[in-house]
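A quick write-up on the structure given underneath.
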Amino acid sequence: MIAADAIDLALFLRIATGIALVLFSAAFVLMVVRIVRGPTLPDRIIALDMLVAAVVGFIATIAVRTGQMLYVDVAISLALVGFLSTVAFARFVLARGRSREAGDADTAGTAAEKETAP
């Protein structure tokens, strides 16, 4: 009876990880489409962060399926790099927005000066 339960559990684990891998693959494809078609830069950055999360989940699922714990280390490292890159991109977008606001203020000031000039 115990051997049959172990076989059922192994079969369940194999099926569950297979379904998870298919779902992570579908999410991967959808996020790549969002990165390519994203209307704004913040949309692309969020999609890239989600893509990293999906890849981390995919690698963790592979680790469960194969029993190799090395994959967990790879997933943790990738998650750390993904987090840091998201923070860097967010700072870039914030700095870019501030420079545009400053540029708009400068051009608005010069336009007002030109209108009042004789």
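Using N, Cα and C of the backbone, Cβ positions are placed for all residues, glycine too.
Predicted automatically and left uncurated, TrEMBL annotations should be read as such.
According to TrEMBL, the transmembrane segment annotation covers 12-33 (among others).
Using a Cβ-Cβ cut-off under 8 Å and counting only residues 6 or more beyond its ends in the same chain, the transmembrane segment (45-64) has close neighbours at 13, 17, 20-21, 24-25, 27-28, 31-32, 34-35, 38, 70-72, 74-75, 78-79, 81-82, 85-86, 89-90, 93. According to TrEMBL, the feature transmembrane segment maps to 45-64 (among others).
Marked as transmembrane segment by TrEMBL: 70-94 (among others). Listed by sequence, the residues of this chain that lie at least six past the ends of the transmembrane segment (70-94) yet keep a Cβ under 8 A from its Cβ atoms are 41-42, 45, 48-49, 52-53, 55-56, 59-60, 62-63.
The region 'Disordered' annotation in TrEMBL covers 98-118.
Within the chain carrying the transmembrane segment (12-33), a Cβ under 8 angstroms from the stretch's Cβ atoms is held by residues 47-48, 50-51, 54-55, 57-58, 61-62, 64-65, all 6 or more beyond its ends.
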